[in-house]
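Reviewing the structure listed below.
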């Protein structure tokens, strides 16, 4: 099918079959579309709506152009959010990921520099002295040694150079705003994925099912965050055994005290880094430590098929208090 026919289908409100969507995304990633075609395609997708099938087609096409990591035959997890929650909170996903690695779990953290937040995961990781651009063949060695590796999105997805100028010129939200968390080149078998909009909970969960993740939780935190917070109960869609199930996780059930948005904020990159160093040592503001443990606890639950969530939360609280994340930096 010619690109013009694909654009006509979208313009007339038609639905792209998965194989056609994959073909179109492949052309976009390979630079075969002109800037005008690429912009029209992204606008058409926005009008079409982000279905799980469309998201999964985009993921498969993007990964086909990525620098994939081979040789990982064990369970591994990513803790990541879509961003876009408009909160200048500390980088909880990175703190929880490093804590998990300090507990002995294999963590493949895929991320980028800040877009809508004060400090992105790449900014924090770089500030902590960890490498950003790790060659794919070196990842298994680093994972075996440290249980943690950071995968810098621009390095692993060179094909995105064809998409970024168009996204920048459009200046509006597109499908690519939610794709990032699903494009981990290490293809994690487990995932804790946060979404800023509750309407995306089931879309992302169903997309994870279609892309083969074994066990995952898609969460929307109280207060409108793309991660768990201790402000109140979180909406969660679990992905396991080939199906999805919506549930609620209440921080009060696990002994976490409520907090306010102001208690989770950082105001610039320097503060974000200073706070991160404290948290990884088991020090710093109690509300941030609690949020760290809450997210790490759910991640432990995802990694342990037979552990009750209460036990997973207790283990994570103990690890956070003991500075497990900081030990990864010292290894």
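The backbone N, Cα and C atoms fix where each Cβ goes, glycine too.
If you check Swiss-Prot, you get these features:
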type: BINDING; residues: 81, 112; note: anthranilate 1 binding site
type: BINDING; residues: 81, 84-85, 89, 91-94, 109-117, 121; note: 5-phospho-alpha-D-ribose 1-diphosphate binding site
type: BINDING; residues: 93, 227; note: Mg(2+) 1 binding site
type: BINDING; residues: 167; note: anthranilate 2 binding site
type: BINDING; residues: 226, 227; note: Mg(2+) 2 binding site
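On the structure: features taken from Swiss-Prot.
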{"residue": "81", "record": "anthranilate 1 binding site", "DSSP class": "strand"}
{"residue": "89", "record": "5-phospho-alpha-D-ribose 1-diphosphate binding site", "DSSP class": "strand"}
{"residue": "110", "record": "5-phospho-alpha-D-ribose 1-diphosphate binding site", "DSSP class": "strand"}
{"residue": "167", "record": "anthranilate 2 binding site", "DSSP class": "helix"}
{"residue": "226", "record": "Mg(2+) 2 binding site", "DSSP class": "coil"}
From 167, 226, 227 (binding-site residues), the ones whose CA sits within 10 A of residue 110 (5-phospho-alpha-D-ribose 1-diphosphate binding site) are none
For the binding-site residues listed (93, 112), most other Cβ atoms within 10 Å of the Cβ sits at 93
Keeping only the binding-site residues of 81, 112, 167, 227 whose C-alpha lies within 10 A of that of residue 93 (5-phospho-alpha-D-ribose 1-diphosphate binding site) yields 81, 227
One should report the C-alpha separation between residue 89 (5-phospho-alpha-D-ribose 1-diphosphate binding site) and residue 227 (Mg(2+) 1 binding site), rounded to whole angstrom, as 10
Sequence-ordered list of residues in the chain of residue 113 (5-phospho-alpha-D-ribose 1-diphosphate binding site) that lie 6 or more positions away and have a Cβ within less than 8 Å of its Cβ, or none, is 120, 122, 123
Residue 112 (anthranilate 1 binding site) to residue 226 (Mg(2+) 2 binding site), Cα to Cα, whole Å, comes out at 16
For residue 167 (anthranilate 2 binding site) and residue 81 (anthranilate 1 binding site), the CA-to-CA distance in whole Å is 20
The rounded CA-CA distance in Å from residue 81 (anthranilate 1 binding site) to residue 227 (Mg(2+) 1 binding site) is 7
For residue 227 (Mg(2+) 1 binding site), the nonlocal same-chain Cβ neighbours (under 8 Å, six or more residues apart) come out as 81, 92, 93, 194, 219, 221, 291, 295
Densest Cβ environment (other Cβ within 10 Å) across the binding-site residues 110, 167 belongs to 110
